Structure formats: C-alpha cells, structure tokens
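Trainee: If you scroll down you'll find the structure; I have some questions about it.
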C-alpha cells in the first residue's frame, strides 16, 4: 500500500507553505486537491501557488483545464490516483494538499462516485424535469444543494440528468448518491495532517487575503468569468460575487464584502467536513509555529513504519 501524505484545512491557514517545507524535507511532490486550481488563468481568486513559492517542487493537477471545461470529483479521483502511482514509482513521496473534502476522500478510499443502485422513479424524474423547465437548471441544482450538498458539489448545475438522478436517489433513500452501501476500503497508507487556527484569527486572515487579491487583480479574473457565466469555474467563490457589480446592480465595496463573507462561510464548512469525516492530526502552526519540528518528527516516524494495519 503506497504511502501518501495529506494536508487539509480551510482556506488561508498555511497549507501551501507547509506542503513546500515537507516536500523539501521528505523528497515529496505535490498534488493539488483543490477543485478550482485546475483552471488555467484563474490564479488570483484560487490562491494558486506561484512559481516562486514552489521552490522547484513539482506540482500536479494545477492548470490542467480550460475555464470552459467541467471538472468533477470523479475526474480528480482518476487523475490523482495516476499521479500518486507515478510519484511513488520515482521513489518520491506523494503529498496531497487541498481544501475540497469530497475530492480528497474519494481519492483515498474506494469511493464509487455516483454508483448507488436504486430503481428508477419516472414520477420523481418528471416532477423535477418540470421544475427545471419552469425555474431553470440553476434553481434545480440549488434544490439539490439544499438536500444533498455532497452530491451538488460534484455535479455541474447544467448537467440536469445527473442532478435529477441525485435528487431521485436522495428522495427515495434519504442518502446521498455518493454514499457507499458499505464502508469503503482505504486505498493508501496515508497520514492526514489538518491545519486550523483560532476562528477570529482565521477570519481576519481571510479578509486580508481578499484585500490582497483585489490588489493583485482579482477583479480582472472575475470579469473574465462574467463573460462565461454558465461555466462551472464561474461558480467559484471570488468570481460570481462580482457579477451584480458588473451588471450595475451593486457597488464594488459590497461585492468585495460578499466575497469575504462567502470565503469565511466556506472555511467554516471546510473545517466541519474534515473534522466530521476524516480523522486528522490537527496542528495550529499559525499561532504555534514552533510546533513544526514536532510535526516533522511525527511524519518521519510514520514514514519509517511498515504499512499501517
């Protein structure tokens, strides 16, 4: 079973810097586990690692899709597993870094995405089809997001067939279409590091990051996505919040505040996901940076162990 180091946590908590430090120390290469960093030209709003920050460490699953293309958890699962294999075969340590919980969970476990088998229900499908015809695909997808956010986050809102199937499964079973019937098997000997910090401090860091993004040109990236509003990438935080401003319906100041608010809410959801669904070793390096040697020691001990039982 291949060893994989995984670094998770909310936005603006220092995952990138830690991943570079550990890659240098343990001969690692990095796989991005972020659903938005796959898109070319969306660098600022996705907080993509810069060439300078990489310090020569190879990074994968970044800049591998055009903004007009879709990208799903199933895509990440397939491509991520291939990269783990390639990195391991080079004698290096695969390091997964990111904040998209479903992506990382589907990669580490034998998670059969979208495979829950139930009988078709034409009546339910017809009801939702009529709803979509009247209200639109976006409204249908938002309905799924309310009922089953796990599935909604893995399906593009314009894929009406998949959205309806997910709603159908949830209505008939009470479970997400992504919920396996049995506990999925673990595919890797992984060590999961979680980064967190005081909530007030985290929110302050998020606000500062958004201000810095604005200085670096976030508005231009958002304008690019405003011209492609139906693209999956346009739904990312930091882009769609500016659409009312571009339409003349809202001030720039209010749009920026909305980005900050949505980013804070997303960070809260990220923390909830990882705490509830994945058993991580949690560290607060923002407030306790001197804990880094202790963290590195634990990783070194894990690497020396034989395959985990």
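Placement of Cβ uses the backbone N, Cα and C atoms for every residue, glycine included.
What Swiss-Prot shows for this protein is this:
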{"type": "BINDING", "residues": "9, 10, 11, 12, 13, 14, 15, 16", "note": "ATP binding site"}
{"type": "BINDING", "residues": "11, 12, 13, 14, 15, 16", "note": "substrate binding site"}
{"type": "REGION", "residues": "34-37", "note": "region 'Interaction with substrate tRNA'"}
{"type": "SITE", "residues": "100", "note": "site 'Interaction with substrate tRNA'"}
{"type": "SITE", "residues": "125", "note": "site 'Interaction with substrate tRNA'"}
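Let's see these features in context: how buried, what's close, how far.
Mentor: The C-beta environment of residue 12 (ATP binding site), restricted to residues of the same chain at least 6 apart in sequence and closer than 8 Å, consists of 47, 202, 205, 206, 209, 263, 267. The secondary structure of residue 12 (ATP binding site), as reduced to three states from DSSP, is coil rather than helix or strand.
Every protein chain considered, the tally of other Cβ atoms within 10 Å of the Cβ of residue 15 (ATP binding site) stands at 24.
Helix first, then strand, then coil: DSSP counts for the region 'Interaction with substrate tRNA' (34-37) stand at 0 helix, 0 strand, 4 coil.
Taken residue by residue with DSSP, residue 100 (site 'Interaction with substrate tRNA') is part of neither helix nor strand, so it is coil. Close to residue 100 (site 'Interaction with substrate tRNA') in the fold, though at least 6 residues off in sequence, lie 33, 34, 35, 76, 153, each with a CB less than 8 Å from its CB.
According to DSSP, residue 125 (site 'Interaction with substrate tRNA') is assigned to a helical segment. Summarising the environment of residue 125 (site 'Interaction with substrate tRNA'), the number of other Cβ atoms within 10 Å of its Cβ, over all protein chains shown, is 15.
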Trainee: Are there residues at least six beyond either end of the region 'Interaction with substrate tRNA' (34-37) with Cβ under 8 Å to its Cβ atoms? List them, or say none.
Mentor: 45-48, 61-63, 71, 76, 97-100, 103, 153, 233, 236
Trainee: Note the Cβ centroid of 9, 10, 11, 12, 13, 14, 15, 16, the recorded ATP site, then list each other residue of that chain whose Cβ lies within 8 Å of it, in sequence.
Mentor: 99, 195
Trainee: 10, 14: which of these binding-site residues has the sparsest Cβ neighbourhood within 10 Å?
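Mentor: Each of the binding-site residues 10, 14 was scored; lowest Cβ tally within 10 Å is 14.
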